[in-house]
Amino acid sequence: MGEITSFQLGVIGALFLSVASSVSIVICNKALMSNLGFPFATTLTSWHLMVTFCTLHAAQRFNLFENKPIDMKTVMLFGILNGVSIGLLNLSLGFNSIGFYQMTKLAIIPFTVLLETIFLKKQFSQNIKLSLFLLLVGVGIASITDLQLNLVGTILSLLAIATTCVGQILTNTIQKRLNVSSTQLLYQSAPFQAAILFVSGPLVDQLLTKQNVFAHKYSPIVLAFIILSCIISVSVNFSTFLVIGKTSPVTYQVLGHLKTCLVLAFGYTLLHDPFTDRNIIGILIAIFGMGLYSYFCTQENKKKQSDSLGSQMKEKDATPFLAVEKEGHEVKNSNKDSLV
């Protein structure tokens, strides 16, 4: 029971850290890009990952965690996939309307459920599916305003959905199957993610913004917000791997939509963004869906734990009988051997 309680506290801590750091970095980046005129999102992400790697490298040198070697091919492909998914999401945002981009983000949950059902044989109950449906409807009502379709944007969105789903499923699968922690996986994959975004980021940003990141004038306040964003990103990247490893890719996406609702609320409260009755209704429906999802997940986990404890008790009760039976066979065999 102590291990179960410790695990639950770990999950709650990971969820809180993820929400707090993600909302903080969204507010910081919104000020950096909207108010200070620094629109280079992909390049900024590459800096985030480089700072994250350097921070983890320093922590590893101070023995704050143990580095566990992982197959280089696995880590490289995993890191490149995650880097590509970030670039594709940014391109999707650039080539689509805000509404269609929000639809792209919403589509990640059903696609993740579909992939886990087909390839990992994972079962999702009707209650879980219902709660996810309510969540998606609520976030859709709150955040989707316009839908403008185009061929290039649609292709980029489909590629972004596919790579994001596969990347997040692998984040969970690698940690569990190779028995590595979120810190160990992030430490080894971050350089590859950073490298691919560092190379492609300036090109992607120039394509989307028609500006050169290296020709941008960096004022002291812009540099200060970039540094702050990079510092917060360490917590964001760490908590992302932690949450997916401790829960599931679907739960992480549900948490992501909670962040969306919080960002909308903070935007209205702190930045005085326009807010309508539709936003309020959508957020309430989304929060209700999240509450149902959390409740049903908790109930199913309790059932699994009770079933697991029950099977362990049965095995424990059966052990003495098996041991006696085995000893009896050994006695018979020894008698038979002695007679021969």
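Glycine is no exception: its Cβ is also placed from the backbone N, Cα and C atoms.
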Candidate ranges 13-31, 127-145 [criterion: TrEMBL lists as transmembrane segment]: 127-145
Across the domain 'Sugar phosphate transporter' (21-294), average pLDDT on the 0 to 100 scale: 91
Whether the transmembrane segment (127-145) meets the transmembrane segment (38-59): three or more C-beta pairs under 8 angstroms: no
Of 38-59, 185-201, 221-243, 280-298, whichever stretch has the most CB pairs under 8 A to the transmembrane segment (75-93): 185-201
